[in-house]
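Swiss-Prot annotations:
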- Asp238: active site, proton acceptor (ACT_SITE)
- Gln113, Glu188, Asp219, Gly220, Tyr307: S-adenosyl-L-methionine binding site (BINDING)
- 1-14: compositional bias 'Polar residues' (COMPBIAS)
- 23-70: compositional bias 'Polar residues' (COMPBIAS)
- 82-319: domain 'PABS' (DOMAIN)
- 1-70: region 'Disordered' (REGION)
Amino acid sequence: MEVISTNTNGSTIFKNGAIPMNGHQNGTSKHQNGTSEHPNGHQNGTSEHQNGHQNGTSEQQNGTISHDNGNKLVGNSNCIKPGWFSEFSALWPGEAFSLKVEKLLFQGKSDYQDVMLFESATYGKVLTLDGAIQHTENGGFPYTEMIVHLPLGSIPNPKKVLIIGGGIGFTLFEMLRYPSIEKIDIVEIDDVVVDVSRKFFPYLAANFNDPRVTLVLGDGAAFVKAAQAEYYDAIIVDSSDPIGPAKDLFERPFFEAVAKALRPGGVVCTQAESIWLHMHIIKQIIANCRQVFKGSVNYAWTTVPTYPTGVIGYMLCSTEGPEVDFKNPVNPIDKETTQVKPKLAPLKFYNSDIHKAAFILPSFARSMIES
């Protein structure tokens with residue numbers, strides 16, 4: 001593995017029991033233009049876990065853990081229970097998602113974002129950034145398998161792949177199922193996310209040592225802009241929501257840079273929000289992609305239990321060149337059992353039928369997307 005750092009030094013305040021790792025005293029960085037393992041690095045839910053509150057409690061604000069002093073519940077609402085993490089955001093007003101916290105494993109704050117990892121009662125380890133769930137150990141596999149296998153299953157023999165984000169390592173884990181791959185570049189802006197992976201997900205971080213992998217610590221949008229033209233067979237954008245710093249990853253200039261970096265007939269897959277909440281955002285993303293990608297432009301979706309509304313979408317686009325039929329996989333990983341390395345666990349979610357079904361949309365979404 002080669003590691004290239006392009007980050008500038010920033011200060012971090014580790015608060016009350018946070019775990020500095022690998023000599024980091026100046027914490028973590030916000031996923032902007034290249035984020036970690038899951039899509040939704042929501043900006044409007046910040047995480048706050050502070051000891052020293054009166055009665056040993058912490059205030060519940062925008063994606064926080066509330067604690068009990070043994071006598072009463074403390075928070076913004078009587079419905080907030082102690083020992084639970086709750087995720088709030090302006091992107092889904094009027095609703096929230098909560099998980100029971102068994103143990104707080106890590107918490108840090110930098111100039112960019114809050115990073116928190118806790119053990120949940122139902123989904124194993126849960127990573128949050130700025131108070132928004134990025135990935136759950138036992139519930140995030142549908143998102144990861146689909147963001148990798150929808151694009152790579154649609155082209156024969158992918159060799160050179162770029163991952164924007166993916167610092168925990170779930171996306172890389174899935175990608176290593178393909179023996180045809182010769183080079184994987186991972187651009188992760190947050191070095192502490194990588195450190196969290198090394199400490200708490202060593203089975204994932206071990207894959208960073210694969211000789212085909214180059215881990216770049218830096219800005220994903222800048223990396224793509226500077227990339228060699230027609231170099232990659234596939235680019236996977238595992239980004240946060242299109243607000244704040246990640247907004248650039250959903251705009252036309254970024255898609256133009258991606259298209260330039262892809263070979264003719266190359267493919268890109270990026271997370272593209274929920275059809276239940278964000279049709280206005282999805283329509284704008286599709287409009288940008290249709291202006292840029294001259295091959296095909298498609299929207300797919302899948303179910304993820306710990307994301308808002310329980311679903312997440314993907315944009316799948318190809319550049320002009322050899323035709324790409326995303327809806328009928330030519331390289332389905334579930335059919336090629338010889339491609340699965342012995343050290344990798346079997347697929348939990350993806351199969352050829354799920355691949356095809358991902359492009360079948362409800363009538364209301366189809367009519368809006370096709371209009």
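Each Cβ is built from the backbone N, Cα and C atoms, and glycine gets one as well.
Here the features listed in Swiss-Prot are painted onto the structure.
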{"residue": "Gln113", "record": "S-adenosyl-L-methionine binding site", "DSSP (3 states)": "coil"}
{"residue": "Glu188", "record": "S-adenosyl-L-methionine binding site", "DSSP (3 states)": "coil"}
{"residue": "Asp219", "record": "S-adenosyl-L-methionine binding site", "DSSP (3 states)": "coil"}
{"residue": "Asp238", "record": "active site, proton acceptor", "DSSP (3 states)": "coil"}
{"residue": "Tyr307", "record": "S-adenosyl-L-methionine binding site", "DSSP (3 states)": "coil"}
* Asked: Which number gives the other C-beta atoms within 10 angstroms of the C-beta of Glu188 (S-adenosyl-L-methionine binding site), all protein chains shown included?
  -> 29
* Asked: Just the number: how many Å between the Cα atoms of Gln113 (S-adenosyl-L-methionine binding site) and the residue listed as 'active site, proton acceptor'?
  -> 17
* Tell me, if you would, which residue among Asp219, Asp238 (recorded positions) has the fewest other CB atoms within 10 Å in the structure shown? => Asp219
* Asked: Where the record says Gln113, Glu188, Asp219, Gly220, Tyr307 bind S-adenosyl-L-methionine, what is the longest distance in Å from one Cα to another among those residues?
  -> 25
* Tell me, how many other CB atoms lie within 10 A of the CB of Gln113 (S-adenosyl-L-methionine binding site), whichever protein chain they belong to? -> 31
* **Cβ-Cβ neighbours of Tyr307 (S-adenosyl-L-methionine binding site) (radius 10 Å)** => 28
